[in-house]
Amino acid sequence: MAQTLYDKVWNAHIVEQLGEDTLLYIDRHLIHEVTSPQAFAGLNEKDRKVRRPDLTFGTMDHSISTRSLALDACGPQNKLQLQTLAVNCEQHNIQLYPVGHKNQGIVHVIGPQLGLIQPGMTVVCGDSHTATHGAFGALAFGIGTSQVEHVLATQTLKQSKGKSMKVEVAGKLPTGVTAKDIILAIIGEIGHAGATGYVIEYCGEAIRELSMEQRMTICNMSIEAGAKAGLIAPDQKTIDYLNGKEFSPTGKHWDDAVSYWQSLTTDADATFDTVVTLQAKEIQPQITWGTNPGQVIGVNQAIPSPDDFDDPIEKESAKKALKYMGLEAGQTWDKVNVSHVFIGSCTNSRIEDLRAAAKIAATGKVKSNVTAIVVPGSVAVKELAEQEALDVIFKEAGFEWRLPGCSMCLGMNDDILQAGDRCASTSNRNFEGRQGRGSRTHLVSPEMAVAAALTGNFADSRQFGE
Ligand SMILES: CC(C)[C@H](C(=O)O)[C@@H](O)C(=O)O
Ligand code: SF4
């Protein structure tokens, strides 16, 4: 029978069928300080060992400071959480990349960067943005803390199979429009719960043309459309990206792996439960105006009115969102001033993001009433950016250049906004209070974030030219 990529990866990992559910083998388990302590406590209580410590990798990312390497820089609670991760990894023989290690960074940035994520793998992490790794054609999804314990103990996980959705982005993307704009436009189209219960496969010319890092930006936000996971079939770009990475296979293993990876495509006659098609040429730089990622419009569109929505729930939600965001129907983006700009997060903190941002930053200065920070996704990204002197460009333009971590994406450290602050943010969530109580988040691409920093309001990044 014809199979989708999702079917192929799923079927290759079935350990046992348990009624409606399936016990899946897990190839890679990533852990961080926030969702692992209770899982380890559970194991320790029952005197269990980690079944495959060699398949488990840890990093510190959420609760760390972006100004100091000291574990106590963000207070005793954060320090305790970080130390607990270190003790657990030590005790269970798990490779940890703590603050100060050359491999440290946001969990979804370091996994791919180290070659830990390969096509056809099952990848889990106690973190909803694990979907990022689907960019490699790996079935990757976030799990809860009790499931983290289950995977640590057994290297398996009970799952129910999702429905399949094909999202095709046809044709070529206009110049100056980015992967972030594609995924925001997709979520705008299907809604923030539009893919609930589905695994999405992204395809079409515009997706094929994206680099691996751009594909990660797309898959990263699958969860923001409600999807269980997002996938992109591996191709030559995937193989080239993985070639020579620290944990990539070598020699004969590499050749065998590559021929397996090349089989990981959806069969031509396979069918999906739902198909959505977008025309790439219609996508323009996107900005969220509301408090979920589906409340998004193009930079040249005016803020909508609740009356524009027929659905009573959407109408009400728009009304509430506009109030919270302090916006008025009909307002144009050039009239919306920002107080903060955040470039970072597992969506947009990789080297290509920083290069694209720096190119625009080089053309001007951050407005004096705007606080703008750049937080690289990992130590490796930071070092590469510094080799390329991107940090110099950012600092000369008036941006702060920070240490790697999740930072202002969710403010589990001291990078927090105050009530009423308005932030152009390259992250992935814009719900009420996400970056601090009462703060207002607008999700944008790195290019659009820099454009907002330089003008003090939202502006079309394409006007900054080549
Ligand atoms: C802290 C963690 C559990 C959380 C997640 O699962 O996504 C965080 O990474 C986030 O982005 O909100
Ligand atoms: S960068 Fe943001 S979205 Fe990504 S893992 Fe960290 S907190 Fe979650």
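FYI, residue positions are counted from 1 along the chain as it appears here.
Cβ atoms here come from the backbone N, Cα and C positions, even for glycine.
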Self-check item: One of Cys346, Cys423 listed by TrEMBL as binding [4Fe-4S] cluster at the site of Cys406, Cys409
Solution: Cys346
Quiz item: Other than Cys346, Cys406, Cys409, which residues of the chain come within 8 Å of the [4Fe-4S] cluster site, judged by Cβ distance to the Cβ centroid of those residues?
Solution: Asp61, His62, Ile106, His108, His129, Gly344, Ser345, Thr347, Ser349, Gly405, Ser407, Leu410, Ser427, Asn428
Exercise. Tell me the Cβ neighbour count for Cys409 ([4Fe-4S] cluster binding site), meaning other Cβ atoms within 10 Å of its Cβ, over all protein chains shown.
Key: 28
Quiz prompt | All-chain count of other Cβ atoms within 10 Å of Cys346 ([4Fe-4S] cluster binding site) | solution = 29
